[in-house]
Amino acid sequence: MLDQQLHRARMVSSVAATVISLACGTNYVYSAWAPQFADKLNLTTTESNLIGAAGNLGMYSMGVPIGLFVDNRGPRPAVAAGALLLGLGYYPFRASYENAAGSVPLLCFFSYLTGLGGCMAFQAAVKTSALNWPHHRGTATAFPLAAFGLSAFFFSQVGSLFFPGDTSAFLTVLAAGTFALIFTGFCFLKVYPHTPAYHAVPNGGSGSDTQRLRRTSSSEDGKARGARRFPDVEPGMSTPTTYTTPATSTQAQTDAEAPGPSSPSANAQLRDQTDVESARPPSDEAPDSDVDETSSLMSKSSSLPGDVLVQSSVDMDRSHRVDIRGWRLLSNVDFWQLFTIMGILAGIGLMTINNIGHNVNALWRRFDDSVPESFLVQRQQMHVSILSIGSFGGRLLSGVGSDFLVKVVGASRAWCLVAASLVFCIAQLFALNVSNPHYLGFVSGLSGLGYGFLFGVFPSIVAETFGIHGLSQNWGFMTLSPVISGNIFNLFYGAVFDSHIIVSPDGDRSCYDGIDCYRNAYFVTLGACGLGLIVTLSTIRHQYVARLREAGKGAAED
């Protein structure tokens, strides 16, 4: 009965995480209102892209400190802060649009707040899903990741259905809607414990195959006894939470400290166990106690004497056996390979995501310059929706598909990154050749699909490569990469587009060269796609060789 209640509670928490994520990806709806906003304030394409890039900067640049905050304070404070920042960030855009005036640096600041708020709430949602479903982490995190990708579709559809052609009302929807969705999810978001079975340590033996003993000092014992409960701990916070069974504590300590011969396999097991650090509930306490609700992604040392760390499928996969973070992460070859892949592919996707509205305007003004402004707005929202649906599908497919690759095929999750690279390559080829606006959906759809493949699987790859314990921090480091590449690609697109702009006597800025308005930007991204594919294949090869080396070393120790 208790297991059923916990399962139901985890399901509710997962739904809440998905709802929160649905409000966190509104940076990707920027193209649905950016062209009209730029026209109203007489901004250049480069200035418009600077504002959009500031939102990307907020989403990705603060990943590391936000990861530390989420790991140490738990997911709920980050969700609450994210809701406030999104609401405060979007409202000034509505005021600027109504007044047809605004400072570009100030608008960049408010755009940064929207990205920062989305990042905080989204990281908390993903962490909660990863902790609640450790056996199916790829599938569990795929749903909030997919909802994040679907965010632009959701809000663009709300705008087109209820406020067609009304940019001011749409900005109001973004300010109020993001706050309302995240606050609703906040009420139900919680991390729930997992309770593996415990067994007594034999009185006269040195332990069993399913039990591990870790020696701790007597001084640590006193500290641990005084900190047995943490009444003010937020679920999901990092705490020095380790446990033992009272009946076996003394005997376990004696066995751990007693000198005597031991087999090589036992020594190997004890060495391996030093990398396995996770929080577990005590066998003599109720599963729903405060300490049980505290589950951490931060590794902490055992503090109780003779602490018995029970082996279970939750902890024994690679993501729980390794813990690489901080300065060690920066000296790791895998990190720099993945960092490069993320930067190249995410930058390619962000350029189209932030500028699909300009693509729409350029093609339609060349194809039929008699179309009204309201028609262009609807087309922009349609392509933002196509991008969002593609991203949703890619995130969902890569998350579930990566679990299939690992568990059934026995292949690396990184093959999903190969798929993302190939999809991006095809999207760039379409962008270079589609001059009829009726077929622009191939560009937006494939770009969204590739972007979804990339972000749907990357958190699982990071957890598997560097460990689940520091996932939020490591993911924060990884998302610094799009800050660099996204800005470079977006500003280059703006420079290319502005070079074809014609300014009318009344100050209107338009490009009537069709595909030539932006073609040169996509030549650059096509070359970047090829580079990304090469780096991805080399990363898979490097990881394969490293795993073989680890397996051979482990077999030799046994």
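Cβ atoms here come from the backbone N, Cα and C positions, even for glycine.
The feature transmembrane segment, as given by TrEMBL for the ranges 361-381, 382-402, sits at 382-402.
Residues 20, 23-24, 26, 37, 66, 69-70, 102, 106-107, 110-114, 116-125, 171-172, 174-176, 178-179, 182-183, 185-186, 189, 234 of the same chain, all 6+ positions outside the transmembrane segment (77-93), place their C-beta atoms under 8 angstroms from a C-beta of that stretch. The transmembrane segment (382-402) is not in contact with the transmembrane segment (99-122), judged by fewer than 3 CB-CB distances under 8 Å for residue pairs 6 or more apart in sequence. By the count of Cβ pairs under 8 Å, the stretch nearest in packing to the transmembrane segment (475-496) among 12-30, 99-122, 169-189, 335-357 is 335-357.
Ranked by the number of CB pairs under 8 Å to the transmembrane segment (12-30), the listed stretches 99-122, 142-163, 169-189, 335-357 are led by 142-163. Highest Cβ contact count with the transmembrane segment (169-189) among the listed stretches 99-122, 142-163, 335-357 falls to 142-163 (criterion: pairs under 8 Å).
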